[in-house]
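Peer 1: Below, the features straight out of TrEMBL:
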type     : residues : note
DOMAIN   : 207-626  : domain 'Major facilitator superfamily (MFS) profile'
TRANSMEM : 264-281  : transmembrane segment
TRANSMEM : 288-307  : transmembrane segment
TRANSMEM : 313-336  : transmembrane segment
TRANSMEM : 348-370  : transmembrane segment
TRANSMEM : 376-395  : transmembrane segment
TRANSMEM : 440-461  : transmembrane segment
TRANSMEM : 481-502  : transmembrane segment
TRANSMEM : 603-621  : transmembrane segment
Amino acid sequence: MTLGVRDLDVRGRFKMSELSSGVVYEIAYIVKLTNGASGWELPVTLKINLPGQGGTEKKRRYSLLEKPRGLWMELIGGSFQSMAGETGEVIFDLYIHDKPSKSGLIIKEYASRSLRSWELGTLTQRLSESFHALETMNPRALLYSFSPKPNLVPPDISATKRSFGADNPRHQPPFRFLERIRNREQYCCFVRVSSGGGGKRRSGKVFADVKSVDKFEKGLDKVVSGKEDLEVESAAEVNMSIAILPMSAEYNWNPATVGLIQSSFFWGYLLTQIAGGIWADTVGGKQVLAFGVIWWSIATILTPVAAKIGLPFLLVVRAFMGIGEGVAMPAMNNILSKWIPVAERSRSLALVYSGMYLGSVTGLAFSPFLIHQFGWPSVFYSFGSLGTVWFALWISKAHSSPLEDPELRPAEKKLILASSISKEPVKQIPWKLILSKAPVWALIVSHFCHNWGTFILLTWMPTYYNQVLKFNLTESGLFCVLPWLTMAFSANLGGWIADTLVSKGYSVTRVRKIMQTIGFLGPAFFLTQLSHINSPAMAVLCMACSQGTDAFSQSGLYSNHQDIAPRYSGVLLGMSNTAGVLAGVFGTASTGYILQHGSWDDVFKVSVGLYLVGTVVWNLFSTGEKIID
């Protein structure tokens, strides 16, 4: 279980240690790491007792990147709170001597890299390295249960005595926790590490209390395992962002494996964007959308089976799910371009996309309940089955265009066709003409900039709530609902505003630029506020407002495909959404890298920068006029 150290506040004890000079230093200290102007600092109070001088007291403030003169700190300790909400305390005996050792490097590494993702496994590895000069290491770990059940025997997880000789390089940790506990009780992990030999004898202790109180955690599954979240887009995908927590615990997936699973969806999703647009523009959106839904519904149902068979099968199934999802948006755009008059386009598109948002709300709200009551596989079976029901209704009731609907009244058909495009099927795509238009490239670039921030927020939102705001699994799922509800409301509000402006005589170009500017600058503003907010409630509100203003993009760039090339709107959306998917792939992967070496503030800064780039490109080169007939 990953133990993320936050707000490190250490009150520790020092053993009296005799230096080579024969002077005994008695040091009482309080350590608190703060994010100062020069980085993380280590305030230390030194009380130095010199023989025959009555004792003097000196106070110094050490930066973690500064080596205290004449004193080398072997180890530091601190309290921690895990991703799942467990709390505990890590205490080390601290040794001080007068010769440089590897401990200085340890302090540097903690300062520059590990403070925001400090794992117990990393901690014990560094502990081992601090004793690198010794001949032997004898680690021992006991996992005690706080369960009320009296007959539960606590497992004893111990490692054999290992040498730091040629058969055990120093960079390898001396022990690992491989015991898997599968129940919902509370545990305390007690780790003791001692070493000796090689002249001077030293000993060290690590006390790591880990209390598992989250009902959705299957106990302590490897003390050094990590958990991340996968992408979310609709109800069928949102469930994965919640289910991945117990899945990673059950199958021992490390962060790298989770990242691989996370990206596998995009492999298929990326492949079918343009192909789905061409298919929809040539054969009609009804058949293409039906194929997509039944395809990813089957893939969703097969996900638990694939996970049990093995990782390669799961990756293939997730990629197949992406194939089905990839054709959905181009097909929807094609259908709307044939059914919706220009004056009602923004509202209609917003209404359709709000259905996707509400699907995400459903997934986030019900997934924790299903996992708790029936296990994580039930999430995939439930939502996959809903897709098959929708498929049956769609096939029997839907039509690709008004001309194909026998139940449509003549007056309604005339109204739609009066301002709609020619219904002659597309036989050839004018690629050179499409790619030669600056507004097309503005659409592609803006879609990339928009989706970078959107995918990151929707993908990592449960993780942000869990790690930063310290909500448990249920709370994270429920609070993730709020931004989706805000998006559903804002999308329809933006659609109504956009269509009202068009009906009052504003040009479509001006309206599209106004709405998309809100969709860019709104999220940028609220993301910049997150770094200045300490209240979890305000952070959730900022996240909701960020996504709410983001939804104004439905009346901006997402409506623009039908404005500039209505006959080829499916292909055009496939092209721009390909760029958007690439933003999701690179953005999701880079976020993990940034968090490993930086902070959430750095993640938000990148997103804000791309929002600003998209704003400039959109306002300079986009248009709402038809440029391709």
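Quick reminder: no glycine exception, Cβ is built from N, Cα and C everywhere.
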Peer 1: Is it true that the transmembrane segment (603-621) and the transmembrane segment (348-370) have 3 or more Cβ pairs under 8 Å, skipping pairs fewer than 6 apart in sequence?
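Peer 2: Stretch pair does not touch.
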Peer 1: Would you mind listing the long-range same-chain contacts of the transmembrane segment (481-502), meaning Cβ under 8 Å and 6+ residues beyond its ends?
Peer 2: 342-351, 353-354, 357-358, 360-361, 364-365, 457-458, 461, 508, 510-512, 514-515, 518, 540, 543-552, 554-555, 559
Peer 1: For the transmembrane segment (264-281), I need the partner stretch with the highest count of C-beta pairs below 8 angstroms, choosing only from 288-307, 313-336, 348-370.
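Peer 2: The stretch I would name here is 313-336.
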Peer 1: Averaged over the whole of the domain 'Major facilitator superfamily (MFS) profile' (207-626), what is the pLDDT?
Peer 2: 79
Peer 1: For the transmembrane segment (288-307) and the transmembrane segment (376-395), does the number of C-beta pairs under 8 Å, pairs 6 or more apart in sequence, reach 3 or more?
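Peer 2: Contact criterion met.
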Peer 1: In terms of Cβ proximity under 8 Å, which residues at least six beyond the ends of the transmembrane segment (376-395) contact it?
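Peer 2: Answer is 235-236, 239, 242-243, 246-247, 250, 286, 289-290, 293-294, 296-301, 303-304, 363, 366-367, 370.
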